[in-house]
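One structure below.
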Amino acid sequence: MAAVQDGQLNMEVEKDIKTEITNDGSGNINANSSSPGSTSSGGKSKSPAGSGEDQQTLLAVLQFLKRNKLTESVDILRREAGLSADADDSPVSDSAGAGSGGVPNVSADGGDANSLLSRVSIATPFAPPATAPPKVVAASGGEDQPDVNVVLSAYSQQGDPVLYPLYYNGLKKFIESVLDCHRAELSQVFYPLFVHMYLELVYNNHENEAKQFFEKFSGDQECYYEEDLRILSSMSKKEHMKGNETMLDFRTSKFVLRISRDSYQLLKRHLQERQNNQIWNIIQEHLYIDIFDGMPRSKSQIDAMSGSLAGEGKRDANKAKVFYGLLKEPEIEVPLDDEDEEAENEEGKPKKKKPKKDSMGSKSKKQDPNAPQQTRIPLPELKDSDKLDKIMNMKEATKKIRLGPDNLPSICFYSFLNAYQGLTAVDFTDDSSLIAGGFADSTVRVWSVTPKKLRRVKSAADLSNIDKESDDVLERIMDEKTASESKILYGHSGPVYGISFSPDRNYLLSSSEDGTVRLWSLQTFTCLVGYKGHNYPVWDTQFSPYGYYFISGGHDRVARLWATDHYQPLRMFAGHLADITCTLFHPNSNYVATGSADRTIRLWDVLTGNCVRILTGHKGPIHSLAFSPNGKFMASGATDGRVLLWDVGHGLMVGELKGHTDTIYALKFSRDGEILASGSMDNTVKLWDTLKAFDDVELDDFTAATGHIHLPENSQELLLGTYMTKSTPVIHLHFTRRNLLLAAGAYNP
């Protein structure tokens, strides 16, 4: 960081560090390192060397600022610290202990390092992304990258490299010998332990021993870590570790294990009896053990939740209340159609019955008890055109087909033929009148799928001649000479990976490899704004269901919330350990879901910016998300070919749908939420009975607290139908207002 460079301070771990374990009462294990001259967070009193250490730290910072000719910053810091003008001229010794007035050797995870870094960096609760770390600004305003040596220094505490296989094998034999009920839980320790023992050997230049250790034990790891292990095997030298994304992921995030108290006590007793400090130190330093009271979980229950880059989500991460209910709809009177009026005149009463309320919670006029306050976040006011659109929507809803196991939807598939430009993204408008495609040649193309052609607004000179009071003014402003079935939008300088129509059909968003998100007008078919905030490719962008706000996520691992009239993001959601591959607004627009290549899904509160849910269970990068119309449930699809169903309120997995054989790129609930459609790279569309899947779920407080989920193996019972294309991967799905299913993809001959 700004003040830790070129060996100015030696960030090492003393070999005779004593460790102690404290339990915070909630079952979470915190490791506190205590070394000479450092303060243990678990202790009650400070070390007498603390004040001397603080002074030496200040002197080190002053010397760094002086060396970089930052005289103004030196004066400010000296004045605030009350130091004399010549105080920073005394030399700082790297090797001296605290007792001799020098800077003590400190651990990167110990209190001393944190004390130092907090003085020179901006504190952040999130792990710094390897590809685009948060900028650390020194007093002068200069920028610098986090010091990789600080990150790696935890691996400098080493034992005899020959003993590593013996330590690991000894623990393996012990876990294999315990009772079956504990074995599954304790086996979770193998993978993170294997990774960090291997990295310790590599960091300390024991290349041959590291290679032998990897070859001997890598085959014991779960199959879903295969890709991570492949990347790990490429780090065979210390030089490979510096600046490596995967290395920083492993190092900067503690691997979370959820273990019952009985299983944890068994492990702790075994390591203490064997005095196996090497493994115990790794567990303290790199693992977060989330302990719960109760029965241990079974192998199937653990497998259902594991697979992400940093283990399971902490239980505390899913305890925040989520207002998943829908906002109260504005009261708009729906005028009767001509057909309805005729029927009423002939028979004296309306012909059509009032449609029944949807069981999955269609938008109700009553306030949902689980809904956020109407004014929790500012939403745009309804324009007259929006009200007209809502009236049309309500009329369409009266003609909506009620879907179910005995009444499946018709499917209309849009195949993009001769798409040599490479189709990368598709979206439909809510009223299904327009379809847009993003292409690898950096263009965006928009088609009309109704007989009505696309037209531009007339030029300013022509508009001045139009009678603005006429009834058909909206028609008169359109230029008939420009009418065509499709339009091409140019502006991006890289492949377009995400597109999204605004709810009012006036705008279109597109995100690209060039790091920008562009807002296009569908009246003039020109680019209105280019939003620049991401430094790397932007994989996805989505409009809010109410318009105005939109979300973007990409390779820099940070999701950004924007408003169309602000050129800078309103919120930045940081926490993922790998690329954000898909984004989606909750139906009430108060939350945003992000899926990532770190194999987790996170739910973010738009108002506070906090992460309120961390959902783990996928074994591959996540590429599709969908919320049920009532906002209570969510579905996700990934490269592992599985669709997982989640209860948003409890933050729990409630279903697993197996059947696809390739990446799932598209998910969509029907308008009433009773059917889920999934589209995959295996050239199929599958329909699932989600009403039955959600009705079978019974959640209680114990299940929510411990994660003892019992997923029924009923994928085949829930599968309502499979529809194959000739050779077209399915990359987008959309239900029309009458529940006709539209699908899209590029034909791949």
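Glycine is treated like the rest: Cβ placed from N, Cα and C.
It should be emphasised that the depicted structure is a prediction, and the values quoted were computed from it without experimental measurement.
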Quiz item: Can you say which of 85-110, 215-240, 449-474 is given as region 'Disordered' in TrEMBL?
Solution: 85-110
Quiz item: Which numbers of helix, strand and coil residues does DSSP report for the domain 'TFIID subunit TAF5 NTD2' (160-287)?
Solution: 101 helix, 7 strand, 20 coil
Exercise. Summarise the repeat 'WD' (489-524) by DSSP state, stating how many residues are helix, strand and coil.
Key: 0 helix, 19 strand, 17 coil
Quiz prompt | Remote residues contacting the repeat 'WD' (416-457) - C-beta distance under 8 A, at least 6 residues beyond either end | solution = 389, 392-393, 463, 477-480, 482-490, 492-501, 503, 505, 508, 510, 512, 514, 520, 522-525, 731-732, 734, 736-737, 740, 742, 744-747
